[in-house]
Every structure is written in structure tokens, then in C-alpha cells.
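Trainee: Take a look at the following structure, please.
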Amino acid sequence: MSRWRPTNTSLSELHLTGIPGLQHLHRWISIPFCIMYLLTLAGNSTLLCVIKADPSLHLPMFLFLSMLAIIDLVMSTSITPKMLDIFWFHSTAISLDACLTQMYFVHAFSVMESGVLVAMAFDRYVAICHPLRYLSILTSPAVAAIGLATLLRAVVFMSPLTFQIRRLPLCTPAVVDHSYCEHMAVLKLACGDATFSNTYSLSVSTYVGSLDALLIALSYALILRAVLGLSSPQARKKAFSTCGSHLCVMALFYIPGLLSMYMERYHQDLPPHVQVLLADVYLLIPPAFNPLIYGIRTKQIRDGARKAISRRRSIAGGVGA
């Protein structure tokens, strides 16, 4: 008798296994996951507060950084609490509606993050290669238009994935071999023809990841060419250090995500936990490290944080007096 039993309508509840094959290590794995989530919450929230409090930081670069911080907070919060619930309390059940909502948020905000990273690379290109035209090119309407375009692209590309799964009949047992509702993992439960969803998911992910990574690489290549023309060795060293750290964070976002997707589809012989851990890494590490790379290492952010702390101390001193 077949293990899969088709249903007439979609299931109302699914079960997430966490990290397949490593369930006995869930409590240990939860420690770095929890630390990264706390760093994400603290770092991105602090970054948003500092940028909002200091008018001198209301520039295109920091507006893009604010967009990135909000995206990271939403993306991490959409998956990490449920992951920790699985790891700590073995609470694997999730309603189908909650699963599809989580899926939509994860994939849509991943596309949004990719778009904002492209915008930030373009911002640095304009600032370094065309400094005198910086504010005339990246005006407030232009920044708002870029943000809106990033949002619309994510909605247009990712909505069909969720709607298609909603229309497909799912099978029992409704067990998703993943730590969150990743599209390809949920799609394995489909009883109907899932060819369109598989092809569409692979095509969109490849298009977005490859095109955005290419645009980022082009921006930083032009930046490095301009930097090599600088006469000051110290300025060149600083620019190389900044560009290198930015590219490392971007590599942590793009490489594990694309590897996870292709391994899920083409390398079925690999241990499932390898695919799941790669998918987790690209959603958990960049949000935790983005505030450190883009925030703390940026002088204006450090100065803004000092001003905010000084104002709080002055207010506290005035109240105490």
C-alpha cells in the first residue's frame, strides 16, 4: 500500500521536522541560532533607532540601510521563533495558512533583501565614482522609487509560488523535512503535477540571484577601479577593507541560498541536513552580521550612536537634578 494518500483538498496542518537526521542535536543547534536571532534583533533595532534619531543620517545610504534592517527583522522573525519552538519543545505542528504565510514572507523578503543589496552597491558606486552628483542622482523620490520597485518585484515574483501551492492537493503524512516552510520542501507533499511550481521557483531564484549578484559585482568592480586611482595608500586600504567586508556578507547571502536550492533539486543523494543547514545559514547569518558590517564599521553610525547616548545621559541628568 502506498505511503502517500491523496486528499481532495489541501491539508489543514503540517509538521516540520526541524533538521532531518540531526534531531538529537536540536538543543545544541538552537544555541547559535538563538544567539544569531538575538544579535539580529538588537543590532537592527539599534541601527534603526540611531538613524531615526540623527538627522545627519537621513541620507540615501542610511535610508537603504534602514530598509535592509527592517527586511532582516521581518525575515528572521518569520522563521526563527518557530525553529526554536521545534528545537526546544518539539512543537512541530503548523497550520497550512501559517505555513504558506511564512513561506511567502521568507521568499518575498529574500528577494527584497537582494534588491536592497543591489541598491546599496549602486549607492556606494555613485558616492565614490560621482561624489559631486551624489545627492542630485539619489534624491528622496529616487530612493523611494527604488524601495517601491524592490517591494513590487518581490510581490510579483513570489505571489505565484504561494497561490500555486494553495491550489495543489497535498498528501499525507504531511511532514515537511525542513526547519521552516521552504517552498521546495513543501512542494514535495503535492499529489498533483508540480512541474510549473518547480520550474518557476528555479527560474525566478536563478534570475534574481544571478542578475543581482552580477550587478553588485559590476558596481564593486567600478568602485575598485576608482579606488586604485587614489593617491593615498591609507585611503586605498580603507576602501579595500570596506568593500571586502561588504562582499563577504553578500556572498554569505547568495551562495548558500543558491546552493541549497540546486542541491534540493539535483542532488538527492546528499544528506538532507546539509541542504537544510545551508538554507538556514543564508537566512540567519546575514541579518545578524549586516548591522556589524554596515553599521558599527561606519563612522557616521558610530558618531550617531554616541550622540544618542549623550542626549540620553543629558536628559537623565536633567531629570535627576
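Glycine residues also receive a Cβ, built from the backbone N, Cα and C atoms like all the rest.
Sharing the feature lines straight out of TrEMBL:
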TRANSMEM  28-50  transmembrane segment
DOMAIN    43-294  domain 'G-protein coupled receptors family 1 profile'
TRANSMEM  62-84  transmembrane segment
TRANSMEM  104-122  transmembrane segment
TRANSMEM  134-156  transmembrane segment
TRANSMEM  207-228  transmembrane segment
TRANSMEM  240-262  transmembrane segment
TRANSMEM  274-296  transmembrane segment
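Help me see these features in their spatial surroundings.
Mentor: Long-range neighbours of the transmembrane segment (28-50) within the same chain, counting only residues 6 or more positions beyond its ends whose Cβ lies under 8 Å from a Cβ of the stretch, are 19, 22, 57, 65-66, 69-70, 72-73, 76, 80-81, 83-84, 87-88, 280, 284-285, 287-292, 295, 301, 304-305, 308.
Beyond its flanks by at least six residues, the transmembrane segment (62-84) meets 16, 18, 30, 33-34, 36-37, 40-41, 44-45, 47-48, 51-52, 94, 102, 105-106, 109-110, 112-113, 116-117, 119-120, 123, 143, 146-147, 150, 179-180, 280, 283-284, 286-288, 290-291, 294-295, 300-301 of its own chain at Cβ-Cβ distances under 8 Å.
Long-range Cβ contacts of the transmembrane segment (104-122) within its own chain (Cβ-Cβ under 8 Å, at least 6 residues beyond either end) map to 61, 64-65, 67-68, 71-72, 74-75, 78-79, 146-147, 149-151, 153-155, 157-159, 161-162, 180-183, 208-209, 212, 215-216, 219-220, 246, 250, 253-254, 257, 283, 286, 294.
Remote same-chain partners of the transmembrane segment (274-296), defined as residues 6 or more beyond its termini with a Cβ less than 8 Å from a stretch Cβ, comprise 19-20, 33, 36-37, 39-40, 43-44, 46-47, 50, 65, 68-69, 72-73, 75-76, 79-80, 83, 106, 110, 113, 120, 177-180, 182, 245-246, 248-249, 252-257, 259-260, 263-264, 302.
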